[in-house]
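Single-structure report; data block below.
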Amino acid sequence: MQIFVKTLTGKTITLEVESSDTIDNVKSKIQDKEGIPPDQQRLIFAGKQLEDGRTLSDYNIQKESTLHLVLRLRGGIIEPSLKALASKYNCEKQICRKCYARLPPRATNCRKKKCGHTNQLRPKKKLK
């Protein structure tokens, strides 16, 4: 049977499949046509994400059904050196005791007018 896969760019891919094919198998066919690795693919049908081990018939996908292909979000572990840099940039700040403005680490007075450029600053509290 024939099914359609619509990508986020609006492109529609036509695939020849059987109802007994697994979602893994469909993702492999998409990789053959589009070059997108299966581990980055997420298939959606009727508002549900399709699980790899299940078959098309499990989701009641019939001929000429349309699946939606979205890419898995990238993310994960931040490199330790970048984490230290981000921590230094975000955590080593001064806070105005009156208006709670975030100020550079070496600031002596607040930069805001609403607190009268006070010199009552404290270091930003550390995360636990």
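Note that Cβ sites are derived from N, Cα and C of the backbone, with glycine treated the same way.
Residues or ranges marked as domain 'Ubiquitin-like' by Swiss-Prot: 1-76.
The Cβ of Lys6 (ubiquitin cross-link) has 15 other Cβ atoms within 10 Å, all protein chains considered. Annotation source Swiss-Prot lists ubiquitin cross-link at Lys6 (among others).
Under the DSSP three-state reduction, Lys11 (ubiquitin cross-link) is assigned to coil, being neither helix nor strand. The ubiquitin cross-link annotation in Swiss-Prot covers Lys11 (among others).
Here Swiss-Prot flags Lys27 (among others) as ubiquitin cross-link. Around the Cβ of Lys27 (ubiquitin cross-link), the number of neighbouring Cβ atoms within 10 Å comes to 22.
The ubiquitin cross-link annotation in Swiss-Prot covers Lys29 (among others) and is backed by similarity to another entry. In sequence order, Leu15, Val17 make up the list of same-chain residues 6 or more apart from Lys29 (ubiquitin cross-link) whose Cβ falls under 8 Å from its Cβ.
As annotated by Swiss-Prot, ubiquitin cross-link applies to Lys33 (among others). Counted within 10 Å of its Cβ, the other Cβ atoms near Lys33 (ubiquitin cross-link) come to 11, all protein chains included. In the three-state DSSP reading, Lys33 (ubiquitin cross-link) counts as helix.
Under the DSSP three-state reduction, Lys48 (ubiquitin cross-link) is assigned to strand. Summarising the environment of Lys48 (ubiquitin cross-link), the number of other Cβ atoms within 10 Å of its Cβ, over all protein chains shown, is 9. Per Swiss-Prot, the feature ubiquitin cross-link maps to Lys48 (among others); the stated evidence is similarity to another entry.
All chains included, 9 other C-beta atoms sit within 10 angstroms of the C-beta of Lys63 (ubiquitin cross-link). Positions annotated as ubiquitin cross-link by Swiss-Prot: Lys63 (among others).
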Neighbour tally for Lys11 (ubiquitin cross-link), based on other Cβ positions within 10 Å of its Cβ: 10
Distance [Cα-Cα, Å, rounded] between Lys48 (ubiquitin cross-link) and Lys6 (ubiquitin cross-link): 15
Cα-Cα distance linking Lys33 (ubiquitin cross-link) and Lys6 (ubiquitin cross-link), given in Å to the nearest integer: 13
